[in-house]
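Pulled the feature table from TrEMBL, pasting it below:
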type	residues	note
BINDING	A:Ser28, A:Ser55, A:Val167, A:Tyr185	molybdate binding site
SIGNAL	A:1-18	signal peptide
Amino acid sequence: MTRMTLLALLLLSPSAGAASLTVFAAASLTDAFTEIGRAFDARTGHRTTFQFAGSQVLRAQLESGARADVFASANDAQFTPLLGRVVTSREVFARNRLTVIAPAGSAKVRSLRDLTGPGVRLVLAAPSVPVGEYTRRMLAAVDRSGTYGKDFAARALRNVVSEEGNVRQVALKVGLGEADAAVVYASDVTPTLKKTVRVVPLPTRFNQTAAYPLGVVRGSVSADAARAFVAFVKGREGQAILRRWGFLSP
Amino acid sequence: MRRAGLPWAGVLLGGLFAAFLLLPTLVLLSRGLGADFWGTLRSPAVLDALRVSLWTTGMTLLVTVVTGTPLAYLLARREFPGRALLDALLDLPVVLPPVVAGLGLLLTFGRGGLLVPGLELAGVSLAFSPAAVVLAQLFTAAPFYLRAAKAGFAAVDRDAEAAALTDGAGRWAAFRFITWPLAFPFLLEGLVLTWARALGEFGATILFAGSLQGRTRTVTLAIYGALDSELGPALVLSAVMVVVAFSVLLAVRMLAARRDRLDG
């Protein structure tokens with residue numbers, strides 16, 4: 001191969017002017033964002049890497065100076081406090097709903113009411129985790145309605161055997177059959193998880209809507225690429241991928 | 001030509017490295033012991049974590065001594081087929097990454113696990129219980145005791161035991177009054193190391209036992225959990241762990257010194 005062809009290859013390859021992009025994203029976005037990242041990289045030639053974790057963990061890391069270009073959170077509680085100081089923009093790009101899951105092979109939990117059954121092992125996310133916050137709001141809504149008795153939330157919370165650090169850990173506990181029930185996002189019931197879990201009906205009037213904000217991190221060394229990523233997520237292709245993984249439009 | 005005086009480059013590099021190894025602990029101590037140490041120490045989250053850790057590591061030590069001592073004795077004293085292989089394999093948990101240990105425990109003792117039919121019949125359900133925390137600690141930490149105890153039993157003078165037996169002592173009495181006291185410094189050192197390892201257990205516990213305040217959330221899990229919201233409890237618990245770790249080091253040093261005196 002001659003030097004000329006090598007040069008031509010270099011110029012034609014998409015890595016010309018490519019940036020390395022680091023995206024901090026909520027654990028529930030793991031599958032959707034991984035696919036979005038691949039599509040975005042193929043389109044732009046950038047190289048996107050992700051760190052998926054509970055939004056509260058990512059927020060703590062960003063606050064203590066972690067380097068990232070984009071932050072996507074699963075709720076506002078872990079995002080708005082950063083606005084202005086750590087993150088320069090805020091756009092809601094997706095919504096999500098809660099769902100109750102139980103192991104496919106177990107009949108212990110068939111309805112929401114069963115969450116308070118004796119000996120039911122319920123796994124939730126910790127209150128600082130976005131899905132943990134939405135879950136407690138959902139339980140409070142059930143309480144207010146009085147449908148299942150006044151102290152439904154308190155009785156359900158007494159059945160909690162573990163408080164996990166992100167929603168995927170919560171889903172895993174049911175997937176493995178260790179827990180009798182858990183509350184996760186509708187989008188967490190991925191084709192993989194569907195093989196081992198069963199969805200328990202959650203009345204719409206109790207359900208909560210999660211709103212996902214994302215923004216460019218202040219001091220990003222590739223701010224242009226970061227803005228392009230945000231636009232891609234909000235664009236037709238990004239939205240289509242999110243929809244495919246069970247998210248709702250913003 | 002040899003230069004006299006200090007090797008300055010070596011001193012500089014060595015000093016930097018020593019500072020690197022010591023600085024984080026000092027920072028933890030100063031941050032953790034500062035400000036509101038006693039107030040935070042008395043908060044329910046911190047007290048619960050300390051209580052869970054003390055209880056579970058205590059149980060771990062008890063089970064380790066009761067079941068580990070006979071095993072170590074057999075391995076040190078008896079010839080049986082496959083002994084060398086078993087001896088080597090029992091060290092495996094020491095080098096295994098803790099999260100791998102946790103996955104192994106989950107797949108063996110969890111609800112979908114290998115031993116499930118037996119455990120269900122016995123009415124035992126381990127997942128998310130303090131017993132699961134103990135199992136995780138036992139699996140990752142007990143081999144330290146096994147190693148030390150084996151070394152201890154191997155070091156005991158066989159003539160002294162033989163003399164006791166010819167003097168009419170029973171086998172149990174010979175063990176109780178000759179072997180056990182002579183091996184004791186080794187056993188104690190092994191116990192201290194096992195306790196330190198059990199106290200620091202994280203990976204296997206979080207996977208196998210879950211995390212619930214006052215039940216399965218040990219000190220290490222509480223530190224990790226507290227990092228999400230407010231740093232206070234994490235700093236205080238970390239400072240406590242630094243002090244504990246220092247005491248463990250001191251204890252091991254003193255035990256080793258005593259053992260060496262006995263040997264000499």
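Using N, Cα and C of the backbone, Cβ positions are placed for all residues, glycine too.
Automated prediction, rather than curation, is the source of TrEMBL annotations.
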List, in sequence order, the residues of the same chain other than A:Ser28, A:Ser55, A:Val167, A:Tyr185 whose Cβ lies within 8 Å of the centroid of the Cβ atoms of the recorded molybdate site.
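Everything else in range on the chain: A:Ala26, A:Ala27, A:Leu29, A:Gly54, A:Ala74, A:Asn96, A:Ala125, A:Val129, A:Pro130, A:Val131, A:Asn166, A:Arg168, A:Val184, A:Ser187, A:Asp188, A:Ala210.
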Please give the maximum pairwise Cα distance, in Å and rounded to a whole number, for the molybdate-binding set A:Ser28, A:Ser55, A:Val167, A:Tyr185.
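The two farthest binding residues have Cα atoms 14 Å apart.
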Please report the number of other Cβ atoms within 10 Å of the Cβ of A:Ser28 (molybdate binding site).
31
Return the residues near A:Ser55 (molybdate binding site), defined as same-chain residues 6+ apart in sequence whose C-beta is under 8 angstroms from its C-beta, sorted by sequence, else 'none'.
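Listed in sequence order, they are A:Ala26, A:Ala27, A:Ser73, A:Ala74, A:Asn75, A:Gln78, A:Phe79, A:Val129, A:Pro130.
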List the residues of the same chain that sit at least 6 positions away from A:Tyr185 (molybdate binding site) in sequence and have their Cβ under 8 Å from its Cβ, in sequence order, or write 'none'.
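Non-local contacts for A:Tyr185 (molybdate binding site): A:Ser28, A:Ala74, A:Asn96, A:Arg97, A:Leu98, A:Thr99, A:Val131, A:Val167, A:Ala210, A:Gly246.
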Using all protein chains in view, find how many other C-beta atoms are within 10 Å of the C-beta of A:Val167 (molybdate binding site).
32
Any idea what DSSP makes of A:Tyr185 (molybdate binding site), helix, strand or coil?
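Note: A:Tyr185 (molybdate binding site) is in a strand by DSSP.
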